[in-house]
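According to Swiss-Prot, the protein carries these features:
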| type | residues | note |
| --- | --- | --- |
| BINDING | Gly65, Pro66, Glu67, Ser68, Ser69, Gly70, Lys71, Thr72 | ATP binding site |
| REGION | 329-372 | region 'Disordered' |
Amino acid sequence: MSNDRQKALDAALGQIERQFGKGSIMRLGDNQTLDIDSVSTGSLGLDIALGIGGLPFGRVVEIYGPESSGKTTMTLEVIAEAQKMGKTCAFVDAEHALDPIYAEALGVNVDDLLISQPDTGEQALEICDMLVRSGAVDIVIVDSVAALTPKAEIEGEMGDSHVGLQARLMSQALRKLTSNIKKSNTMCIFINQIRMKIGVMFGNPETTTGGNALKFYSSVRLDIRRTGALKEGDEVVGNETRVKVVKNKVAPPFKEAHFQILYGKGISKEGELIDLGVKHKMVDKAGAWYSYNGDKIGQGKANSMKFLQDNPKIADELEGRIRELLLSKPEKRTKEIREAERAAAKEDAKSEAKADKKTEKKGNEKDDISLS
């Protein structure tokens, strides 16, 4: 670049910083915040699948899945982990269904948890925006997008049609929220439900509620599914769960994690430690016996899990070794984040192009009908 152009650029950058504040424009290579702060999901396998050791602060996250798949349980686990780090969390309960006893059983400090049970979707998202703008709240959870009912729908008659009202509400709210989320470094988690698209012959008929805006604005999207029942004898004591990282702008996407959710207790951390320890040769398995550092820790998985519960120091040591082995180093992670963001931008551009083509096709069909 010539000296004159460099001087003009420096002058423009200086003017932008004076007018809009320091950090309003910078060179991407100078930005060291790509090594993003994160909070654990409560599942070691999922933390590893996410690539940065958990869910990222300063981003929008969407967790979706069928009913009773563990969506709210996972967000409560995130709150419990964040509170251990001294973070402030808020729960916007649009479904009016949060159980404080269950939350406490999962390790949530209910005395410190902020909770709101709004009457309308507009109120819920306005509360969410105010909490984010305060800069004093680290995690805001909205449960769920499907329950964010627009005011016009609540005040209207039961049979009234309100086409696209919720999608417009979400689109407007996310436009307001995203810049504030980045500035305040707040994580905003939206829980979402699944619906079926009518008349889909090929491809996946499933979709999430609230339109397409959340899909584009989310840095991380998690698809959580119940894959089976966990039994002790004839009694069902929990779920086998699979989580797929459908979208990830901070690390490579499409990784999966499998873990167990125990009723009344949450994610089985000890079960994951044993499974991952065996997989990566840190825990030895000979027949039914499990050994760690040459010492037998139990016969059968259930007894080995109990041993780790009774010996938290050994469990923490094993977890530390697994995290050190499987989580990428900061320099590598910075490169991965850039690559992941480029890939996510391409995917978003493809999705937008498809949506534009569909709209254009529908418009042409309408024109043909009107001409005929």
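Glycine residues also receive a Cβ, built from the backbone N, Cα and C atoms like all the rest.
What Swiss-Prot annotates, mapped onto the structure for a quick look.
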residue : record           : Cβ neighbours (10 Å)
Gly65   : ATP binding site : 24
Pro66   : ATP binding site : 13
Glu67   : ATP binding site : 8
Ser68   : ATP binding site : 11
Ser69   : ATP binding site : 23
Gly70   : ATP binding site : 24
Lys71   : ATP binding site : 21
Thr72   : ATP binding site : 23
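Compute the center of the Cβ atoms of Gly65, Pro66, Glu67, Ser68, Ser69, Gly70, Lys71, Thr72, which mark the site for ATP; besides them, the chain residues with Cβ within 8 Å of that center are Ile224, Arg226.
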